[in-house]
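Written out below as structure tokens is the structure these notes cover.
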Amino acid sequence: MCSIPPLRLLEVVDDLTCLVNSSQYSRWNFFTFTLPGFTLPMRKEFTSSCKGSFSNHPVPDHPCKLVVFFRPKMVVTAGADAYLKILEYGVKKTQLRIDRLLLQAFMAGIFVAMAGHCCTVLAGSYPTDPGDPLAVAKPTQKFIYGALFPVAFICIILTGAELFTGNTMTMLICYFQKRVTMLQLGVNWLGSLAGNWLGALFGAYFLSYLTGALGDEHVRQFLFRTCVNKISYGWGECFLRGVGCNTFVCLAVWAVIASENVAGKVLVMWFPIVAFCVGGYEHIIANMYTLQAGLMAGAPVAILDVIAFNFLPTLLGNIVGGCLLVGAVYAYNFYPTLSYTETTGAKVYVQEVGPVLDRRSSMQVSMTEREPDGQVVTEYEAVPFESFGGEYIVNKHATMAAPIPSRASSFLYPFQWQRQRSQSGNLSTHARLDLPNRPVEPPSDGLEVTPQSQTAESVAQQV
């Protein structure tokens, strides 16, 4: 039976005032609330919330656990949430060992080279001589090139490869928020740039030059014209083209991180990449492939001119575009308002399971039972725990009709949760669970819950 990894402690309210475990299964997410000392009264409507702080408190006799399953509704996150995702995304990059960083950057360079090869062969296959019946206009040739090039970025994003141009934005944001050091930023930039160059060189030689694909006259002439044009710009013009290019690339990365599904990532990435291609902007890694392939094929350009009049200004322009026009602007924009609140709602499964807890350490929890008219009936307070008597994981190939652990019942209830991020970057979650007088039957695509032993200490160590 295939199962997802065990639950892990994900979000904590005010210095561990509420233990919330989270995991994912297909379209479902679930939180686990440990609320000892309380048995759910199914005859009345009530609202429960976790709050308080560590304290010694009398332990009641009947602890229980709520497992809340819900389907997330959000497809694209708001600007502040996307910014925080980028921040976390960048911090993870610094945790890569240098060999893995170089390998992933090498693969990104190969992806760019492969896409550049396909674009060159396809666009170059069309003649531009007006007398040729197969001739196409140069703007059409440029669009053909640009429409295919996003394949490289799709491969990079979906495989987690390291592309230097996107890293200029993410690492600067992390540095601005003091989540990485200047040394970590420099290692990431230099490692990804070196790996990208090696990958582009490998692709140009082994996947383009040695394959003989550049031997076609139309393709070779197209490649030669492209190489000559790229070193014919003035230094300042090439620099500004690099600024524009990486602005588009970093906006594409931003959109990809904000999107929650693969189809959305592909769609939001495609158009900015096509835009920089047809706009004539300069991308340092793409140029590494194109100009190196041109030199191998005999393009009438000198290697020193390539470095001085294209690689250097394009590199600096890409850094400025990614760091200043995107990274610094939005770091400045979102830093003062980093504290935010996000609320969502969903229908959820609730399993009441008890007793499951050790009775030694304690954490204060309060719950309020209310009548449908809002009148407070009873207030519950107390508990905690040191270890779980039975954690739960979701198993594949299961149905809700299957047996559920002892003293557990399943119902479908409205559920709201509120996620808050402080300016220090701490994330907290407040949950609201409304139990109506009459439970709703679970839907047909339910999930089976099976025991998984795990102590509170081992869970807390994963934060």
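Just so it is clear, glycine is given a Cβ too, placed from its N, Cα and C backbone atoms.
Swiss-Prot annotations:
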type: COMPBIAS; residues: 450-463; note: compositional bias 'Polar residues'
type: REGION; residues: 424-463; note: region 'Disordered'
type: TOPO_DOM; residues: 1-100; note: topological domain 'Cytoplasmic'
type: TOPO_DOM; residues: 122-142; note: topological domain 'Extracellular'
type: TOPO_DOM; residues: 164-189; note: topological domain 'Cytoplasmic'
type: TOPO_DOM; residues: 211-237; note: topological domain 'Extracellular'
type: TOPO_DOM; residues: 259-265; note: topological domain 'Cytoplasmic'
type: TOPO_DOM; residues: 287-305; note: topological domain 'Extracellular'
type: TOPO_DOM; residues: 327-463; note: topological domain 'Cytoplasmic'
type: TRANSMEM; residues: 101-121; note: transmembrane segment
type: TRANSMEM; residues: 143-163; note: transmembrane segment
type: TRANSMEM; residues: 190-210; note: transmembrane segment
type: TRANSMEM; residues: 238-258; note: transmembrane segment
type: TRANSMEM; residues: 266-286; note: transmembrane segment
type: TRANSMEM; residues: 306-326; note: transmembrane segment
Stretch with greatest number of CB pairs under 8 Å, the transmembrane segment (143-163) reference, 101-121, 238-258, 266-286 candidates: 101-121
Leading stretch by Cβ pairs under 8 Å, where the reference is the transmembrane segment (190-210) and the options are 101-121, 238-258, 306-326: 101-121
Long-range Cβ neighbours of the topological domain 'Extracellular' (287-305) (under 8 Å; 6 or more residues past either end): 109, 112-113, 116-117, 120, 196-197, 200-201, 203-205, 208-209, 214, 220, 223-224, 226-228, 230-231, 311, 314
Distal contacts, the transmembrane segment (306-326) - CB-CB under 8 A, six or more residues away: 164-169, 172, 193, 227, 230-231, 233, 235-236, 238-247, 249-251, 254, 282-284, 287-288, 291, 295
Distal contacts, the topological domain 'Cytoplasmic' (164-189) - CB-CB under 8 A, six or more residues away: 83, 86-87, 89-91, 93-94, 98, 101, 105, 156, 196, 245-246, 249-250, 253-254, 283-285, 318-319, 321-323, 326-328, 330-332, 335, 425
DSSP helix/strand/coil residue counts for the topological domain 'Extracellular' (211-237): 20 helix, 0 strand, 7 coil
Chain residues in Cβ proximity to the topological domain 'Extracellular' (211-237) (below 8 Å; excluding those fewer than six residues from its ends, i.e. six or more beyond): 117, 120-121, 123-127, 141, 282, 287, 290-291, 293-301, 305-306, 309-310, 313
Three-state composition of the topological domain 'Extracellular' (287-305), taking helix and strand from DSSP: 14 helix, 0 strand, 5 coil
